[in-house]
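A.B. asks: Submitted below is the structure of interest, expressed as structure tokens.
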Ligand code: PNS
């Protein structure tokens, strides 16, 4: 069984993330969306909230699991009998960042592969931080994040 872990902060999940999850779920037997408990990053949503938002928008996908993790990603993979790290790539900036992380993870365990999936063109400009910035300054985030969570984000931003 090919299990891929799709890790990230997901603060919040965007249409770009959801697209990679849906496409990944067709390629792998199971996708584990692993949400990082960021200790040194100030997040808009708490860890359990980020997990719940992802669950809310992926409830129609059978072969996925959404969980939180802390510490090294490689340890999480081993604990979950997964052998692939799934990542999404948008620009060359992502490529540099992902290449460095893939090399580091390969150094830690060379039996695990990092597989990058190209973003869908319509999502090239979407990132969680851009979504938060647009929302903070009163812009429209519909089309950037799944519609079911637009109000969760706007409510939190306006607190
Ligand atoms: O969505 P993000 O914040 O770009 O995701 C980054 C993430 C979670 C993939 C990365 O920070 C990570 O894997 N963190 C776990 C710590 C770890 O394993 N570090 C070693 C590899 S560089």
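The backbone N, Cα and C atoms fix where each Cβ goes, glycine too.
As listed in TrEMBL for this protein:
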BINDING   9, 41, 73, 87  substrate binding site
BINDING   9, 10, 17, 88, 89, 90, 98, 123, 124, 125, 126, 127, 128, 129  ATP binding site
DOMAIN    5-133  domain 'Cytidyltransferase-like'
SITE      17  site 'Transition state stabilizer'
A.B. asks: Filtering 17, 41, 87, 98, 124 (binding-site residues) by proximity to ligand 1: which pass a Cβ cutoff of under 6 Å to any of its atoms?
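C.D. replies: Going through 17, 41, 87, 98, 124 in sequence order, none turns out to be close to ligand 1.
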A.B. asks: Distance between residue 128 (ATP binding site) and residue 41 (substrate binding site) at the Cα atoms, whole Å?
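C.D. replies: Computed Cα spacing between residue 128 (ATP binding site) and residue 41 (substrate binding site) is 13 Å.
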A.B. asks: Can you tell me the three-state DSSP label for residue 87 (substrate binding site)?
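C.D. replies: Its secondary structure by DSSP: strand.
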A.B. asks: Could you count the residues of the domain 'Cytidyltransferase-like' (5-133) that DSSP puts in helix, in strand and in coil?
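C.D. replies: Result for the domain 'Cytidyltransferase-like' (5-133), in helix, strand, coil order: 57 helix, 29 strand, 43 coil.
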A.B. asks: Please report how many Å separate the Cα atom of residue 89 (ATP binding site) from that of residue 9 (substrate binding site), as a whole number.
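C.D. replies: It is 15 Å, counting Cα to Cα.
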A.B. asks: Using a 10 Å cut-off on Cβ-Cβ distances across all protein chains shown, tell me which of the binding-site residues (17, 41, 87) has the largest neighbour count.
C.D. replies: 17
A.B. asks: Pop the Cα-Cα gap between residue 98 (ATP binding site) and residue 41 (substrate binding site) into the table, whole Å please.
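C.D. replies: Residue 41 (substrate binding site) and residue 98 (ATP binding site) have their Cα atoms 19 Å apart.
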